[in-house]
Amino acid sequence: MKHIARKRFGQHFLSDAAVVDAIVGLIDPRPGQALVEIGPGLGAMTDPLVARCEHLTVVELDRDLAARLRRRAELQVIESDVLRVDFAALAMASAGRLRIVGNLPYNISTPILFHLLPAAAQVEDQHFMLQKEVVERMAAAPCSKDYGRLSVMLQWRYDIESVLDVPPEAFEPPPRVNSAVVRMLPFPAPPAVDAALLGELVATAFSQRRKLLRHTLGKWLDAREFSGTFDTQRRAEEVPVADYLALALALTPGER
């Protein structure tokens, strides 16, 4: 029986063989690597990945698709919402750093990216199909319209590169947006800032992105009795990632 894509799961199945081959080539999986695929769907990428790495862990929420996948001995199937999966624990169980791949559901792609942040130290790399607009925001530089909270939080932990553009017709059903594949390489020694603190800082800064930071972040810093130096005569989009990280470190107890 043909599986019908379910809108509530944000399902758009990759169906272009040439695109699949290009993505798998970019990933370059090898036997013995701890590969995890998020949202394998009908297996368009699963099949060529398994052919090259021999064993694969897949995370699939759709009950019917998970049942199909369980028929294959070379797959370890985790039937779960990806936002409930402990990737750090999965890495420990795999006795090696994870290589995470997937055609992510576009309706929850940003929450998935944030969910993966705490496990970055246990990850070798990540390759994801995403809405092209999201990839542009992830990789955006300061002083650009796409630069924002997502850019800062992800560029703290990863080197980010858009590696392949994918048109809507490569999917079934085709999404209404253009897509792109992003490569994310975790930095080996990122600044040791508190993730919650940095997240609050950046969210406050970008809460009114067109205003000078003295109207938003300035008040937030005053409430924390910050006595250091930080130029609030800038807009949030003008502040480099390194400056946000330095401020978060200065606000961390014991780092002042």
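Just so you know, glycine gets a Cβ as well, placed from its N, Cα and C.
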Listed co-binder of S-adenosyl-L-methionine (same site as His12, Leu14, Glu60, Asp81, Asn103, source Swiss-Prot) among Gly32, Gly39, Gly43: Gly39
Pairwise Cα distance maximum in Å, S-adenosyl-L-methionine-binding residues per record: His12, Leu14, Gly39, Glu60, Asp81, Asn103: 20
Among Glu60, Asp81, the most crowded of the binding-site residues [Cβ within 10 Å]: Glu60
Nonlocal neighbours by CB distance (under 8 Å) for Gly39 (S-adenosyl-L-methionine binding site), same chain, sequence gap 6 or more: Val59, Glu60, Leu61, Val82, Gly102, Asn103, Leu104, Pro105
Cβ neighbour count within 10 Å of Leu14 (S-adenosyl-L-methionine binding site): 20
For Asp81 (S-adenosyl-L-methionine binding site), the three-state class that DSSP assigns: coil
Glu60 (S-adenosyl-L-methionine binding site) in three-state DSSP notation: strand
